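Down below is the structure, laid out as structure tokens.
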Amino acid sequence: MEGSLFKVVFLLLVLNIVNTVVHGQGTRVGFYSSTCPKAESIVKSTVTSHVNSDSTVAPGLLRMHFHDCFVQGCDASVLVAGSSTERTAFPNLGLRGYEVIDDAKTQLETACPGVVSCADILALAARDSVVLSGGLGWQVPTGRRDGRVSQASDVNNLPAPTDSVDVQKQKFAAKGLNTQDLVTLVGGHTIGTTACQFFSNRLRNFTSNGAADPSIDPSFLSQLQTLCPQNSGATNRVALDNGSQNKFDSSYYVNLKNGRGVLQSDQALWNDASTKTFVQRYLGLRGLLGLTFNVEFGKSMVKMSNIGVKTGVDGEIRKTCSAFN
């Protein structure tokens, strides 16, 4: 009897291993430890070099990973060039840092041809960008494979700057992310800038009587109106975290509390009770159980980076990140 039980357990174990190898069971930290031991260090040195030359590349790479994961899962579909690809969709026109991913891929193809996916390079680059901006690091599970589909029409479900909190929560929940993940991941806006065209609707004629969005701090409103002149300046860049756009910290949440959130969707996080609680916890307000933004950001990033991943024999390992094999 014991021998039969042992055989059954052994068979189940073998089948599980085969299933994991063939179909993939998600990602894991250190996926390339034997197949390409220097993979993570090559990505890190590449990102470091580019960010040292241009600090705006850091928020660009973080944003790119986010935009990748919310469409078709984290499969590097946003990197594919060509007509009608995700890259050409309006919400993605401001993305930057493609050259960093291409640079890292070129080096990795020399070191370990056909091994490291573009999706993993992007996930690692996002983490390295946060660290280079002063945030805490986290272990990035790897083992993603690259997708074979990239269509601009699929980008409609990306969170938008005018989304209400309810719509934001729906979009995040559809990806398996909860309200805390929402407030945490949007905190990535602590670095980088946005264009006036994404929030200028708040600055004038926002209300029925022609006034600006009343949730904007009056002194900050005049600053924004100067930075974004009426009928011009649509592409002017404005810091998403006023006064701290190059440092990864929790000051973004302080700005929300003070009516200095730039995007309508950001400021809404303070004005809605369900999300305000988490903002307050990051600020340590009102005796609520405090949360450490830097720590929680890494946890939520790991959750996000596992959205719809392709592993095992799904997808491919692209030779060039901007083109399918």
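The backbone N, Cα and C atoms fix where each Cβ goes, glycine too.
Curation does not apply to TrEMBL; its annotations are automatic.
As the structure is a computational prediction, the values presented were derived from the model and not from experiment.
Copied over from TrEMBL, here are the features:
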SIGNAL    1-24  signal peptide
SITE      R63  site 'Transition state stabilizer'
ACT_SITE  H67  active site, proton acceptor
BINDING   D68, V71, G73, D75, S77, E86  Ca(2+) 1 binding site
BINDING   T190, D241, D249  Ca(2+) 2 binding site
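Feature annotations (TrEMBL) mapped to structure.
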residue	record	Cβ contacts under 8 Å, 6 or more apart
R63	site 'Transition state stabilizer'	L95, G188, G192
H67	active site, proton acceptor	V78, E86, P91, N92, L95, V155, L158
D68	Ca(2+) 1 binding site	C74, D75, A76, S77, V78, L79, A119, L122
V71	Ca(2+) 1 binding site	S77, V78, E86, D154, V155, N157, L158
G73	Ca(2+) 1 binding site	G147, I307, G308, V309, K310
T190	Ca(2+) 2 binding site	L240, D241, S244, K247, F248, D249, S250, S251, Y252
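For the Ca(2+) 2 site, the Cβ centre of T190, D241, D249 serves as reference, and the other residues of the chain with Cβ at most 8 Å from it are G187, H189, I191, S244, Q245, K247, F248, S250, S251, Y252. Sorted by the number of other CB atoms within 10 A, the binding-site residues E86, D241 start with E86, the lowest. When Cβ atoms from all protein chains are considered, those within 10 Å of D75 (Ca(2+) 1 binding site) total 28, not counting its own. Of the binding-site residues S77, D249, S77 has the largest number of other Cβ atoms within 10 Å of its own Cβ. Close to the recorded Ca(2+) 1 site, the chain also has H67, C69, F70, Q72, C74, A76, V78, G147, S150, D154, G308: residues not among D68, V71, G73, D75, S77, E86 whose Cβ is within 8 Å of the site's Cβ mean position.
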